[in-house]
Amino acid sequence: MNQYPSVPAPLVPPRQPFFTEKVIAAWKLPARRLSPVMLGGVLAAAVIGSVALGDIPGNGLLGLNLPLTALAVAAVVLPVTGGRMLRDRTGLLFCLLALALTAIAALRDAEWITALGLLLALPVASYAMTGGRSWAEVLGGGLALPAAGARMLPWAVHGVTGALNDGRGRAWPVIRTGLIAGALLLVFGALFAGADAAFSGIAAGLVPDISPDKVVVRVIAGTATALLTLALVFLALAPPPLRMLVPRPAPPAGRWAWAVPIAALDLLFLAFCAIQASVLLASDKDRLLRSTGLTYAQYARQGFFQLVVVTVLVLAVIAFAVRHAPRDRMLVRALLGALCALTLVVVAVALRRLYLYEETYGWTRLRLWVHAFELWLGLVVVLVAAAGLRLKAAWLPRAVAASGAAGLLALAALNPDAFIAERNVTRHARTGKIDIAYLRTLSADAVPALDRLPEPVRSCALLDVQAHLSRPESALSHNLSRTEARALLKAHPPLGHC
């Protein structure tokens with residue numbers, strides 16, 4: 001017999017669920033099930049995605065196929081909203097932005113700008129379905145698509161089985177009609193193709209390759225399109241309760257405890273801006289910088305990325321300061337307004353430094369991308385300053401998100417590879433310096449600018465893109481830049497080897 005009393009085990013408090021777990025637990029399934037009409041639309045979008053995107057692994061080319069698939073998905077998703085999208089101007093705007101981002105693939109050959117457009121189109125479309133005004137709702141709505149893909153599975157499976165059971169009596173007429181239509185198109189299409197060479201060429205580009213090695217790829221493309229469509233339909237019918245993520249209002253800080261750090265930061269920014277002004281306005285910049293051991297071009301390059309980080313951190317500081325702002329609105333407006341104004345000066349200094357470096361050493365994709373990103377950060381600072389006039393800005397999160405999508409569209413409209421090539425060609429004409437190895441990595445977008453180079457530099461710069469354009473391309477992969485570049489190189493082909 002044990003002589004010692006038993007000691008009870010210590011009580012371990014249960015783990016508190018994360019806020020994201022609470023949102024997922026409260027996320028209800030749609031009251032409306034997946035109807036046969038919805039399922040038919042999803043299958044139609046899957047077929048279009050399979051045909052349009054199935055040849056990408058073969059030739060690696062994006063073109064009309066991407067926006068065509070996006071339009072097919074939108075045609076299925078938008079009617080599900082029951083007219084809500086037409087009444088919700090914000091949702092409609094973000095839906096149009098998502099479609100416009102996918103359309104970049106039909107205009108530009110540069111893979112990096114096309115990939116950025118596609119990656120941004122997904123969260124933009126996701127937020128268009130969920131809606132919301134707060135920062136938590138905008139960010140959570142943009143990231144809700146993967147969670148919706150997992151959350152929808154029980155609803156989708158139940159809907160598919162229900163649609164099949166309910167439609168048994170109507171399934172055969174639909175299948176019979178589809179088979180008759182397909183047979184008619186096949187017979188008459190083959191006859192027209194044999195009668196006319198032009199029609200045969202177009203039909204050959206539109207009819208997908210059904211060889212065994214292509215079937216798996218097309219099945220994957222169709223399945224991915226169907227899953228994306230179902231996830232967006234699920235979000236439209238049952239958006240997650242993202243309002244649960246909105247934090248409670250923070251208690252206002254004391255006046256001096258809040259004002260002293262912000263005022264000190266304002267003074268530091270003011271001192272930095274004053275020094276920058278003395279350097280930029282000096283008549284003999286190299287003499288002024290002699291103590292640093294740097295030329296003006298080296299000085300312009302040094303510290304640029306630190307200034308970008310400063311801009312990002314200032315936005316974080318402003319967000320925290322507004323959340324804990326005291327009730328003295330005049331003080332808040334004055335100190336944060338000064339900080340925004342001085343931050344814009346820092347943005348201008350960073351852009352000026354980068355521009356001088358680009359003009360000295362040439363433009364690249366990374367430099368242009370960072371240039372555009374810093375411009376967008378400056379726009380965000382302006383939006384924050386405008387919101388601070390009344391200290392109430394329910395529109396600010398949506399405006400920042402929309403400005404990011406619009407900024408990428410503006411960068412695509414600029415035609416970045418062509419812009420980079422144009423600047424480097426101009427620099428070559430002025431200085432005789434050029435980085436041919438880098439220019440050979442540019443896409444077909446740069447062909448019109450590179451065509452202005454003198455021989456043999458021109459041919460050397462265009463050989464790689466000519467090989468890129470010689471790859472087979474289906475009708476659905478056609479792209480405006482590649483079409484124009486092929487016509488130009490056909491009229492004036494490169495000479496010899498590099």
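Residue numbering: from 1, along the chain as shown.
Every residue gets a Cβ built from N, Cα and C, even glycine.
If you look up TrEMBL, you'll see 37-54 (among others) marked as transmembrane segment.
The transmembrane segment feature in TrEMBL is assigned to 60-78 (among others). Under 8 Å from some Cβ of the transmembrane segment (60-78) lie the Cβ atoms of residues 38, 41-42, 44-45, 48-49, 52-53, 85, 95, 98-99, 102-103, 105-106, 111, 114, 118, 121, 129, 225, 228-229, 232-233, 236, 471, 473, 475-479, 482, all in the same chain and six or more residues away from its ends.
Look at TrEMBL and you will find 90-107 (among others) tagged as transmembrane segment.
TrEMBL lists 113-131 (among others) with the feature transmembrane segment.
Among the features that TrEMBL reports, transmembrane segment is placed at 138-157 (among others). Using a Cβ-Cβ cut-off under 8 Å and counting only residues 6 or more beyond its ends in the same chain, the transmembrane segment (138-157) has close neighbours at 23-24, 27, 29-30, 33-34, 122-127, 129-132, 227, 230-232, 234-235, 239-240, 242, 245, 397-398, 400-401.
Sequence annotations record features per position, and here TrEMBL assigns transmembrane segment to 177-203 (among others).
Here TrEMBL flags 215-238 (among others) as transmembrane segment. Note on the transmembrane segment (215-238): residues 27-32, 34, 38, 41-43, 45-58, 69, 72-73, 76-77, 80-81, 84, 125-126, 129-130, 144-145, 148-149, 151-152, 155-156, 208 of its chain, located 6 or more positions outside it, place their CB under 8 angstroms from a CB of the stretch.
Listed by sequence, the residues of this chain that lie at least six past the ends of the transmembrane segment (258-282) yet keep a Cβ under 8 A from its Cβ atoms are 252, 288-289, 299, 317, 321, 324-326, 331, 335-336, 338-339, 342-343, 345-346, 349, 352. Look at TrEMBL and you will find 258-282 (among others) tagged as transmembrane segment.
As annotated by TrEMBL, transmembrane segment applies to 303-322 (among others). Taking Cβ pairs closer than 8 Å, the transmembrane segment (303-322) reaches residues 258, 262, 265, 332, 336, 339-340, 343, 346-347, 349-350, 353-354, 357, 370, 373-374, 377-378, 380-381, 384, 388, 391 in its own chain, all 6 or more past its ends.
If you look up TrEMBL, you'll see 334-356 (among others) marked as transmembrane segment.
Residues 304-305, 308, 311-312, 314-315, 318, 322, 332-333, 336-337, 340-341, 343-344, 347-348, 350-351, 354-355, 358, 395-396, 399-400, 403-404, 407, 411, 416, 419-420 of the same chain lie 6+ residues outside the transmembrane segment (368-389) yet bring a C-beta within less than 8 angstroms of a C-beta in it. As annotated by TrEMBL, transmembrane segment applies to 368-389 (among others).
For 395-414 (among others), the entry in TrEMBL reads transmembrane segment. Beyond its flanks by at least six residues, the transmembrane segment (395-414) meets 90, 93-94, 97-98, 100-101, 104, 107-108, 113, 116-117, 120, 124, 127, 133-135, 137-139, 142, 368-369, 372, 375-376, 379-380, 383-384, 387 of its own chain at Cβ-Cβ distances under 8 Å.
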